[in-house]
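Asks: Just lifted these from TrEMBL, have a look:
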DOMAIN    1-328  domain 'Cation/H+ exchanger transmembrane'
TRANSMEM  12-38  transmembrane segment
TRANSMEM  50-70  transmembrane segment
TRANSMEM  76-100  transmembrane segment
TRANSMEM  120-144  transmembrane segment
TRANSMEM  164-185  transmembrane segment
TRANSMEM  206-230  transmembrane segment
TRANSMEM  236-259  transmembrane segment
TRANSMEM  271-291  transmembrane segment
TRANSMEM  303-327  transmembrane segment
């Protein structure tokens, strides 16, 4: 995931993952309660049990969509919106599930308003604690790889070992292991990559990719096997109403949030982007894993698990399978067509955006220009904050965590690297053109 694009769009992503997920969980829960009052389902359940189900069914896991986006190199803005929501949505769902599980263990008749307030505060503690733990593990891994350059083959072991440590410690302390591992990956990408040889970095990248693909394959194999291997309880009307409410409230949450952010945020969500976000709300392994974790004392557990499985099948096959054809039919912008420039600057240099690696140089220069404009007019916006962080990063953090890095007030290595990539690309293109002329 591109870190820069993630931080530039952090507020929309956080809103989709936090507010959107909470809205879906609450809206689906109250809607199913209302339907149960009109037409009772085949199994009786309490309000807390139903909210336990509505929280887990709100987990979006668009693995198929993200994999296709990576294959066709969709624009970074849409990619980080889908990927970022999928990452942090899972952590929010797990936190909601844990909160309602505690309420269920306490007993619905023993709950007081103060317990709900404590539950909300615990969500903040779990999220912030996971992020802090992941960052600490990432810094420790970077510091170790800085001083282990004589044994470069040990660096991959360090990277994977501390990733697992961050996960285990998060589970031990009762904080979000998903957020912890995600933040750990962001930190290691920033620092550890420069402490290792490029061959080692590529090996780590490909190994993670292979493990990810294998895990996805095993997950969906398991989802196919459990259909015939576990006790099931099919309540057709409960399944239908759950699908209807999941679809309706997903659309409402996406459209309302996009309308709000389009007024204050750039780039804006187009109608096509909103359609992809609505249509890409697939359910996956997180939802079903939580459904199986429901206590056996809950009478409606078989119905909840079966309904969750049916929702997963519906979203994966009806929404996920046609997604590549829908993306091609809608002609979604690819990465080399994406532009995150301000309107006036876009009109001036937009024609230059098809220059390959030169585009990255222009975008980096544009970021510095925008931060300078924000400083002149006295506004502290996203680019000013990013530049301030980069100065602190160049002066303190990079020298402490990266080998052979000196303290400096300004880090121009990104522009230098982009120029180097552009020079190499131009040289390769020139060689190919020369060889082609010789053949002709």
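Note that Cβ sites are derived from N, Cα and C of the backbone, with glycine treated the same way.
Note that TrEMBL annotation is computational and uncurated.
A description of the local structural setting of each listed feature is requested, covering burial, neighbours and distances.
Replies: Remote same-chain residues near the transmembrane segment (164-185) are listed as 87-88, 90-91, 94-95, 125-127, 129-131, 133-135, 137-138, 141 (criterion: CB distance under 8 Å, separation of at least six residues from the stretch ends).
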Asks: The transmembrane segment (271-291) vs the transmembrane segment (206-230): three or more C-beta pairs under 8 Å (separation of 6 or more)?
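Replies: Judged by the Cβ rule, the two regions touch, with the required three close pairs present.
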Asks: Of the listed stretches 12-38, 236-259, 303-327, which one has the most C-beta pairs under 8 A with the transmembrane segment (206-230)?
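Replies: Ranking 12-38, 236-259, 303-327 by Cβ pairs under 8 Å to the transmembrane segment (206-230) puts 303-327 first.
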Asks: Near the transmembrane segment (12-38), which same-chain residues lie under 8 Å Cβ to Cβ, leaving out any that are not at least 6 residues past its ends?
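Replies: Residues 6, 45, 47, 50-51, 53-55, 57-60, 80-81, 84-85, 87-89, 91-93, 96, 238, 241-242, 245-246, 249-250, 252-254, 257, 261, 265, 269, 277.
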Asks: What residues elsewhere in the chain lie close to the transmembrane segment (236-259), defined as a C-beta under 8 angstroms and at least 6 residues from its ends?
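Replies: Apart from its flanks, the transmembrane segment (236-259) reaches 12, 15-16, 19-20, 23-24, 27-28, 31-32, 35, 39, 41-42, 57-58, 269, 273-274, 277-278, 281, 283, 303, 306-307, 310-311, 314-315.
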